[in-house]
């Protein structure tokens, strides 16, 4: 059986030559993508991209999976078959939207909200197997579980080798096959974590004492499938736009992650003469570049950053929603907070500042978290509190016992038991 139609997902808007070649072979191409158009729209049979010129679709922040879902919705409207029900795919839409770290406002928030509901009762054997292998089968799955547990396992094989295994998992019709593939992905994710940890240590050694406005690093042997994760790590740790390169002969593959006040897509567009190719959006991009041009790219990106960024823009800050006394926190308040998720990019968890606090149990420290019972010094209600990414200074303050604390209230559910919990973001 010959092929006469190609449908892209989350790619294609920059593939002018590739689509022209497909046309020359007699193939129809339907592009579904959400990335920004660089030069012109490709000559495809149809192009679905809310960010293309003159597109009237009102919500521009859909993830690639969200655009693909729009195609499914349109096909369902044209189909007379009762088997085509777009809402059946919302578990996958939530998964892809969170994994792509797009804005969780507007339509994306609605897609993820109802997608999470479906994910918690999914009939997809592959997802059920992955949830079990990841140890989430007895938990209510939330957005954070996708971003930090499920998506990394699905992505691991694509980063280290080929993504076919993840596709096979999601298409599994046999529980035996699904559970085997989920375990394989779990093993590959552990291997990914090991390699990434080594790359992080190497990156930290390469960084100078004085950080430039845009951090650019290159090293032989860095896995090209993991440079995006390394760019995210550098960006988060040093709060600078970061571009990481993996050399491949005379050229290098690069991945960039940025901070809110600096569009990396616009910056790369201004440097297009130095690049072989690039694509992306304001917060993330990928590129290919001759190695001889990397120094010039570094200089030019830093010049652009100096023009657009103030010193304050390079300092991470917390936006506090309210100062509160722990005496004010009752169970109804925690329940009301449950109405606000899903949280994510551009829709963060509400943050509260509690002052004059102390711990009333010796803090428990392990590799993954710090846990303690926290309350006001003058007495009143005490709460279990947990922190997942405290700095060494934050840990020292936790040991000392007296602190002000930025936190978000949560309800921890485990094996039918509910615990009111404060998730610590930072202390002073």
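Cβ coordinates come from backbone N, Cα and C, glycine included.
The domain 'DDH' annotation in TrEMBL covers 4-97.
Note: the domain 'DHHA1' (213-306) comprises 38 helix, 29 strand, 27 coil (DSSP; helix = H, G, I, strand = E, B). If you look up TrEMBL, you'll see 213-306 marked as domain 'DHHA1'.
Look at TrEMBL and you will find 320-426 tagged as domain 'RecJ OB'.
In the predicted model, the domain 'RecJ OB' (320-426) has a mean pLDDT of 87. Look at the domain 'RecJ OB' (320-426): DSSP puts its residues at 19 helix, 50 strand, 38 coil.
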